[in-house]
Structures are given as structure tokens and as C-alpha cells.
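Database features (Swiss-Prot):
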COMPBIAS  57-69  compositional bias 'Basic residues'
CROSSLNK  Lys168  SUMO2 cross-link
MOD_RES   Thr433  phosphothreonine
REPEAT    88-127  repeat 'WD 1'
REPEAT    134-174  repeat 'WD 2'
REPEAT    186-226  repeat 'WD 3'
REPEAT    228-267  repeat 'WD 4'
REPEAT    277-316  repeat 'WD 5'
REPEAT    329-367  repeat 'WD 6'
REPEAT    371-409  repeat 'WD 7'
Amino acid sequence: MELSQMSELMGLSVLLGLLALMATAAVARGWLRAGEERSGRPACQKANGFPPDKSSGSKKQKQYQRIRKEKPQQHNFTHRLLAAALKSHSGNISCMDFSSNGKYLATCADDRTIRIWSTKDFLQREHRSMRANVELDHATLVRFSPDCRAFIVWLANGDTLRVFKMTKREDGGYTFTATPEDFPKKHKAPVIDIGIANTGKFIMTASSDTTVLIWSLKGQVLSTINTNQMNNTHAAVSPCGRFVASCGFTPDVKVWEVCFGKKGEFQEVVRAFELKGHSAAVHSFAFSNDSRRMASVSKDGTWKLWDTDVEYKKKQDPYLLKTGRFEEAAGAAPCRLALSPNAQVLALASGSSIHLYNTRRGEKEECFERVHGECIANLSFDITGRFLASCGDRAVRLFHNTPGHRAMVEEMQGHLKRASNESTRQRLQQQLTQAQETLKSLGALKK
């Protein structure tokens, strides 16, 4: 046989062999498919030890194969001084505000809702809330109007201010209606704070650059303030409604007065005074309820309490009353600060923990660790000073203000020693006994 004929025969043999292998593989694949159809599971899963599924039908097969998306677990926290946890939001809460009449707490979250909670339910098992929906957006900041008949929010995507009116229904609930038009867009950087003067004369918005805007209630910009602080970290309207303050990269807090005429017309914004004494950037500040005290917290590791009841027009500067130290959590967001209405207690939030200080002695009295699953976004005392509220995940947590009750005991004991009038002594003794009984019920009465 010639060499060429032998080569042709060998090639034919190889071709036939390949065809045979392909046929065998096809038969094997068909057998595997048949096995999968009979069992309802892939054959490889049988080999790995999964029991055969005796159920039939494509619906159950799809349910088995569908990957379920697990919801993030709610952070659990317990403490003997925890008064309540408000948990109706399905998204992270970024801001909250107590109404001036003390009846409500407003919260906003990235779940496109604002919740209005009844404060009288705080110590009940059930915590009722009313819901206002934010169409096609969500609110990052919320503030009640002075008359508690409306609230304003800052829209995350719209970058503007929206007003919601609250209309009371016959059943005692409220209907929430957004005004037809939002405020015009004016800020060029993200807005970090908003506020309304309790006089009802102006609204304040502050962005993370150096801009603070003063608005009329109708959405007209009355004044633009350049804080010259490199960047703003916090801004607020004083409870008295006269002042606007800001802090930022510089080691001071700047305060302006928003001036109006006798007929209520806007006149000007003038520099009032500054809080000077920190050696590094100021994270945050807060006013007491009467605006006569302010507190500040800085990157330098200190907090300070100030007497701001001064005649600034006569060039009188605020007085430093107390300086305290704190340890800032490593890698945490800038500290949040809240001052009790009577300025006797200062609360600092660093990371997910809260520290409470007696401002007269400068001593830390309480510490709540890992309160939220994320860094605390907002911190606030209610207007009575009974509770401290915090938010940082999908819940608001409310704490009994035991340092406030202890400060009340110390104050009443001091007044009793100096009181000469019997009726005054009886009134002071009644307040002292009430504060002591509250501490005793909370297991926080010091012997």
C-alpha cells in the first residue's frame, strides 16, 4: 500500500473516532437533562449531597432559584436610661426637630418620608407617628415653624427648600400639603443646616462652602453672609430669633444679628460677637433656650460654655464660663453637640457614642456607647430637658436626662440654704423632692 493511501486511511479513522466521541457526549448531556427534569435540581447538586426535590412545577422551581434580598438588620441597643426607641422609618434618619410647643418631634429619612411623633407617647409601649410623603425626592433637614402649623425641609435631589402645611383633621390627625412652589435654587454647595426664627420673620440656610442665606418666608433672599471660615460645619438660628451663628475650619464661632424695623421690614445683618478661645476648627455649637448661654466643641479636644448675655453694641465680649475635655473617636465624623434648655447639661456625640457633662463642674456623668449602627447624625434635647434624642440609623433613641435631674437637685439645695421666705422654701423643697424621686425611679440617685 502506498504512503498516500495509508495517510488517507489514518485520517478517516481519526475522523470516525471524533464523531463517535461527540455522539457519546451528546447522549450523556441528554441523560443529564433528563435527570434534572425528573428531580427539579441540577445533577451537580445531587452529586454534592442535596436531596432530590419531590415537588413539581416551574413555580416552585423559580421560588427555589430566586435569590432573596435580605433587609439590613436593625441595630440593637439597651441601657437602663433608654426611655424609648422610635422605629417607623425604613431608611436612615438624617435630621430631627422638636416643635416649640413641645408636642411633636419631626424626623426625616432617605425613605422619602417625614414622620411626626407625639411626645406624650414617648414613655408608652406604642409610639404613634404621622407620615408625610416627599414626592420623587427625600428630605435631609427638617424644622418646625414657630406656630407649629407647618415645617420646612431641604430636598436632597432638588437642592431646594420645600414648605409643608399641617392641617388638623376632625379625628385629631393632620393632613400634610406641600406648597405649590419650592424656594429658588441659590446655593452652589451642599446645604448642611436650615432654621426658622421663632419671630417668624426669616429662614436661614447654610451650605458647606462659606455661604449663609437669610430668606423671607416667601422665598426671597434678604441677605447673603460670607462667613470667611474656609468652610462651614454648622449653622443655627438662636432660640430668641435675633441671631444667626456659624462655625467651620477657623477656631471661632461667629454670630450675626438679623435686624428688622419697627414695622417688621428687613433692614440689615450685622456682626454681633464671636466666641474665641479654641485652638483648632470648631465642629459644632448650641444655644440655651433663652439664648444667654452657648456651648462649642472643637477639634482641639475641648468643649466650652459661654455667657453670651452681653451688650455687644458696646463692644462687650462673651465670657468663658467653663472648659472641659473629651476624647474624639478615631476616624469618626465631626462631633455633634446639644445643650440642655437651661444650659446645665452638655451632650457630645462622637462616632456612635454619646457623652453627657455637667457644665457647672465640667465632669462627665453618663456615657452611652454604640447607640446606633452608624455615626450619630443629630442630637437634641426636648424643650423640657427631660429627654435627649439621637439619630444615626433607622431609629431615634430617647434617653432620660439624669445629669439634668442631678443638676436640679444641686441647684435647689443651694437655693434652700439661702431662702428666707417660708413659701419660697416650700416651693424649692417640692422641686427638690420631685427631682430626687425621678432619679430614684431611674436608679440614678447618688447617695
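Glycine too: its Cβ is placed from the backbone N, Cα and C atoms.
In the three-state DSSP scheme, the residue listed as 'phosphothreonine' is classed as helix.
Note: the stretches the repeat 'WD 7' (371-409) and the repeat 'WD 1' (88-127) are in contact (3+ CB pairs below 8 A, sequence gap of 6 or more). Each residue in the repeat 'WD 7' (371-409) gets a DSSP state, and the totals come to 8 helix, 14 strand, 17 coil.
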